[in-house]
Amino acid sequence: MTSAALKPLSVAPARDRAASRPRIAVRRWLFLMAALVVAMVAVGGATRLTGSGLSITEWKPVTGAVPPLSAEAWAEEFAKYRATPQYDILNRGMSLAEFQVIYAWEWGHRFLGRLIGLCFFLPLGWFWWTGRLDRRLGLGLVGLGVLGGLQGAVGWIMVASGLQPGMVAVAPIKLAAHLTLASAIFAGLVWLAAGLDRPAEAAAPRRLRLTALLLPVATLLQIALGGLVAGSKAGLTYNTWPLMDGAFIPPVSGLFAATPWIENFVDNVALVQLNHRLVAYALLALALLHALDARRARPGSGAARRAAALAGLVAAQAMLGITTLLLAVPLWAGLAHQVTAMLVLGMAVAHARIGTLARG
């Protein structure tokens, strides 16, 4: 028998052993991508809080990667911004140096988005080519890539809403959609990473697994409501706690003052802030009850420790949110609150995903 005939027999076992090894590189890459998304959200938050989001008035996915490099190019970009309602209403008289600062924030946000795209698709192609991704994982990653491309389009739609006549900021519902989609992509990355070659634990009771799955869903809802708070600047109103204008729940007549009534959920700052408060209370209660239940049902287990850590992080986020409100959203507090929300989501997703891998 020739060596050529023996070669497939020797390669096959090696390939099987390689396929069965923990996909450490893939997992690390996914967690790195998740960290980059958190950085993207943080820079986006800073861009919003510094009023920089409308400084670039065009969407050029390729050529826009290069910032203005000459005095003439800067003058051209500044002229475009001076034609916007935001400049005319809020920033009339802004100097070129001041414009360059806000431009840098928005350009940095978009550049980071491009960098994330490269860091995602290039390794994805390599991992798939080298056989490190099974079909299910690969399709999940392609789906996340599609969402990432969609996120760029949603970002521009959001910016374009703030360039319309009479507008000085982006539409709250579009800002919330942009933030929620980024958070969903982050959650998807963590879900896939946490599910790669994790040692399975003993199965927790079904109720614990269900509440663990409910926690990231509730967190994502709370992030969406936070996006509405940010977009409508509701955090600059009712800067007291636990009462809002002297009441735990303001009068219904004020909460639903606009018509049609559905618009109040987006445009009425009182209802927008109240919804964010109420879901925060519900999320905190759910996290605490889940931690207590896990400690009682599986004392000393990994699930109990993760549930306790998650409850502690949710409590810290609630206190940070109250502080941010009482201080009327200073830059540092607003950014910390937004980033911590992502950490809560990431921990909730990882906790839920590991729970699904438990042995029955």
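Residue 1 is the first one shown; counting continues down the chain.
In case you wondered, yes, glycine gets a Cβ from its N, Cα and C as well.
Swiss-Prot has this to say about the protein:
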- 29-49: transmembrane segment (TRANSMEM)
- 111-131: transmembrane segment (TRANSMEM)
- 139-159: transmembrane segment (TRANSMEM)
- 175-195: transmembrane segment (TRANSMEM)
- 210-230: transmembrane segment (TRANSMEM)
- 269-289: transmembrane segment (TRANSMEM)
- H276, H337: heme binding site (BINDING)
- 309-329: transmembrane segment (TRANSMEM)
- 330-350: transmembrane segment (TRANSMEM)
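Using a Cβ-Cβ cut-off under 8 Å and counting only residues 6 or more beyond its ends in the same chain, the transmembrane segment (330-350) has close neighbours at 34, 37-38, 41-42, 45-46, 49-50, 183, 186-187, 190-191, 193-194, 212, 215-216, 219-220, 222-223, 226, 230, 235, 306, 309-310, 313-314, 316-317, 320-321, 323-324. Among the stretches 29-49, 111-131, 175-195, 210-230, the one making the largest number of Cβ pairs under 8 Å with the transmembrane segment (139-159) is 175-195. Against the transmembrane segment (269-289), stretch 309-329 has more CB pairs under 8 A than any other of 29-49, 111-131, 175-195, 309-329. Beyond the ends of the transmembrane segment (111-131), by six or more residues, the same chain brings 15, 18-19, 25-26, 29, 32-33, 36-37, 39-40, 43, 61, 65, 138, 141-142, 144-145, 148-149, 151-152, 155 to within a C-beta distance below 8 angstroms of the stretch. The stretch from 29-49, 175-195, 309-329 with the most CB pairs below 8 A to the transmembrane segment (210-230) is 175-195. Nonlocal intrachain contacts for the transmembrane segment (309-329), taken as residues 6+ away from its ends with a CB within less than 8 angstroms of a stretch CB, comprise 49, 215, 235-236, 238-241, 280, 283-284, 287-288, 290-291, 336-337, 340-341, 343-344, 347-348, 351.
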